[in-house]
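Engineer: As annotated in TrEMBL:
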DOMAIN    6-41  domain 'EF-hand'
REPEAT    231-264  repeat 'TPR'
REPEAT    341-374  repeat 'TPR'
REPEAT    375-408  repeat 'TPR'
REPEAT    409-442  repeat 'TPR'
Amino acid sequence: MATRGPRSEKVRRIFNQFDANRDGGLNREEMACLVVAVNPRVKFSDEQINAILDEVFRTYSDFIDGDEKGLTYEGLLRTYDDGAGDVDRDFDALGLELNFDDKAPPMVAEDSSSIVDERMVVETQKKQRTAAWAVSPNHGVVFDDTWKIVDDLEILVKRLKTKQAKDGKFKCENFDAYSDAGWSRELGPSAEISEKRVIWDESGHDFAVFLKELGGLRARADVARSREEAFDGHMAIGRVLYEHQLFKEALVSFKRACELQPVDVRPHFRAGNCLYVLGRHKDAKEEFFLALESAEAGGHQWAYLLPQIYVNLGIALEGEGMVLSACEYYREAAILCPTHFRALKLLGSALFGVGEYRAAVKALEEAIFMKPDYADGHCDLASALHAMGEDERAIEVFQKAIDLKPGHVDALYNLGGLYMDLGRFQRASEMYARVLAVWPNHWRAQLNKAVSLLGTGETEEAKRALKEALKMTNRVELHDAISHLKQLQKKKTKPNVGVPGESAYVIVEPSKFKTVGEKTTVRQELSNALQIRALQRVTRLSRCNVELLKKEMTEHDVPMSYSGRGVPEKSIRKPNLEEVLRRLLSFLKPEAFQGAVKAINERILSVLDESGSGRVDLGMLYAILAPICGGPPERRKRVAFDALLWRPMNEDSADVKKADATLYIKLLRAVYVPSQRVNELLEVHGDSDTSMVSFSEFLVMFDDPDWGFGIMPTLVKLETGDRNRHGNTVCSVCRYPIIGSRFKEVKSHFSLCNQCYSEGKVPSTFKQGDFKFKEYGRETEAIKDKCMFFSLHSRNEK
């Protein structure tokens with residue numbers, strides 16, 4: 001088993017520095033001096049100091065050696081293991097130096113193949129290991145026979161490692177470049193998993209022999225003299241295997257320990273850790289819930305472990321994409337342990353992930369204040385600042401993260417994206433090049449590098465970068481980008497500032513955009529519909545059939561509550577709402593589901609929960625989601641009406657209150673039509689109109705083009721046709737192949753894509769008073785129109 005090394009020695013030096021009376025404990029006065037000394041920038045009040053000391057002495061009561069002596073060295077070590085402080089930071093703040101004792105046992109050669117010599121190696125390190133691992137009364141090895149099993153297992157692992165290294169099968173991968181998950185890996189004192197991930201070859205004969213011998217050790221544990229000793233043996237076996245990153249085998253041992261003592265926190269927690277590392281996030285979540293249940297039932301005994309359980313449970317939930325739920329557990333961890341900087345960092349990152357940027361910045365700043373050298377914290381803080389528009393400060397914070405960890409892929413990539421947004425393409429390409437130096441197969445970095453090179457005017461370099469990206473992935477957007485480059489080479493025009501690859505254009509006021517034919521969409525209407533369609537795509541709600549909403553209302557009832565206005569409603573907390581959304585979007589992978597929740601939270605929940613109470617009227621939410629779900633348009637409207645009927649004030653009725661329907665229509669427009677915001681809804685809240693609205697009357701209100709959701713036919717047109725391609729036709733402004741509707745100017749004969757038409761862009765080479773456009777949903781329509789034109793033209797000639 002690996003020893004703790006310099007880390008435990010640093011804790012020892014810190015402890016000795018403040019153990020003024022050398023009685024082996026830190027009393028309240030000595031602990032107060034320590035807290036103040038390691039936080040020189042913080043001005044603590046007496047009340048704050050007393051609160052911190054009360055929390056420490058209560059949480060770590062198992063390590064208090066009498067009232068006079070105070071917290072033992074082992075207790076101080078535990079506080080650092082639990083994330084209550086940073087050893088390296090505190091050690092440096094105190095100006096201490098690390099000089100190992102000359103009396104430390106000498107290193108013993110490990111090249112002997114005999115079991116006797118290997119036992120000698122283990123024995124020479126046993127005192128160190130015992131001090132590091134088994135010192136705790138709750139988590140250490142209890143029985144002597146368990147130590148024999150541990151020693152023999154260490155020998156087996158060492159043999160396997162030696163053989164696989166000799167055959168070139170033992171591999172290590174450096175994960176230092178990537179953001180750390182920040183999770184609590186262990187209960188109590190333990191060597192943390194190395195930043196180098198070990199990859200074992202499980203297919204060879206050597207590993208089969210190892211498993212057979214491991215089975216023998218497990219059998220020895222099973223035949224122990226008591227159930228407690230068997231539990232002790234399996235926990236020790238699991239721990240050794242876990243520290244050597246043999247996670248599958250460690251899981252087997254922890255599961256066996258769970259069978260022996262089902263209400264013990266430790267095996268459930270460690271089994272959850274193994275499952276998470278193995279990518280089984282759902283199973284990990286279940287184990288952490290069992291650990292949490294046991295810890296809460298165990299009273300004060302496990303109180304100091306709760307922050308770690310909350311943190312890891314939150315991370316497991318994030319692994320499933322349940323970020324709103326994860327936020328709840330990170331908050332609990334931070335409340336129980338206010339100095340848990342990892343919990344605060346994870347909370348900030350999760351809040352950023354759901355679009356709550358101000359709250360994210362606050363949490364991340366607190367985490368960094370506690371741990372100034374936290375590179376991952378700086379990276380996420382910079383991303384949140386960029387999302388809030390504080391770009392210059394974001395650049396500084398990104399740079400700080402990179403200074404702390406020069407190969408930090410996330411910081412480099414996100415800083416590149418920030419420079420792209422600011423139009424600083426040269427700097428952006430430099431950042432993406434640094435990403436590729438660390439992660440050569442990062443296709444998104446390669447693609448963005450190509451775009452940034454295009455922004456600097458280096459077309460040939462951009463083309464080469466795109467070809468490299470194409471070797472990494474065969475995604476369709478890369479083929480479109482290559483076609484875009486070819487178009488640029490055919491028609492070299494001076495690009496607009498800050499828009500790489502676009503032809504020179506002017507923006508024409510809406511009144512000069514005319515439409516030809518009834519089927520051609522008005523520019524402003526298309527602009528609004530495109531935004532709604534973009535929300536559909538991010539949330540994937542168009543793939544969620546509207547009948548699933550109806551099923552949710554039928555099968556899952558929600559208790560009635562009262563809003564702040566005293567109106568009865570079926571409201572639900574956001575974390576619980578996330579579970580509902582997970583059922584509706586069960587086809588999404590965790591990362592995509594997280595993006596969907598973020599978009600729904602930013603665009604829809606922010607309107608429904610304007611007061612920030614954290615609760616949402618579920619019936620109103622269903623009604624607002626229905627129009628953008630999948631299914632026939634008329635069925636969507638019916639489900640929206642049924643959702644209003646499902647609300648308490650309309651239950652057991654075939655009609656809805658007019659005030660309720662009016663509020664719904666206004667909320668619908670506030671969510672989907674940017675021109676109307678929530679302050680326009682205030683007049684409806686106090687409406688005392690008690691008249692009722694039937695479904696047919698509701699449809700009239702819904703379909704009203706000016707005051708309702710008359711934009712729906714345009715949205716449906718986009719849903720059915722926004723993947724249609726028009727052969728080799730490209731947009732005359734952005735130069736990309738036209739996908740979706742094509743808008744052709746009937747006089748000058750240039751064509752625009754959906755986006756450029758909605759933004760009013762026309763090539764600057766065309767000077768005319770008005771522009772008349774005809775919309776073609778498919779290329780066949782344009783060909784048919786052209787044939788009719790030639791046919792009519794030939795008739796006129798005759």
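Yeah, the Cβs are placed from backbone N, Cα and C, and that goes for glycine too.
Note: TrEMBL annotation is automatic and uncurated.
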Engineer: Using DSSP, what's the helix, strand and coil tally for the repeat 'TPR' (409-442)?
Structural biologist: 27 helix, 0 strand, 7 coil
Engineer: From the DSSP assignment alone, can you count helix, strand and coil residues within the repeat 'TPR' (341-374)?
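Structural biologist: Across the repeat 'TPR' (341-374), DSSP assigns the residues as follows: 27 helix, 0 strand, 7 coil.
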Engineer: Need one number: mean pLDDT over the repeat 'TPR' (231-264).
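Structural biologist: A mean pLDDT of 95 is what the predicted model shows over the repeat 'TPR' (231-264).
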Engineer: Please list, for the repeat 'TPR' (375-408), how many residues fall into helix, strand and coil according to DSSP.
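Structural biologist: Split into helix, strand and coil, the repeat 'TPR' (375-408) gives 27 helix, 0 strand, 7 coil.
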Engineer: Tell me the residue counts in helix, strand and coil for the domain 'EF-hand' (6-41), as DSSP assigns them.
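Structural biologist: Counting residues per DSSP class in the domain 'EF-hand' (6-41), I get 23 helix, 1 strand, 12 coil.
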Engineer: Over the span of the repeat 'TPR' (231-264), count residues by DSSP class, listing helix, strand and coil in order.
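Structural biologist: Across the repeat 'TPR' (231-264), DSSP assigns the residues as follows: 27 helix, 0 strand, 7 coil.
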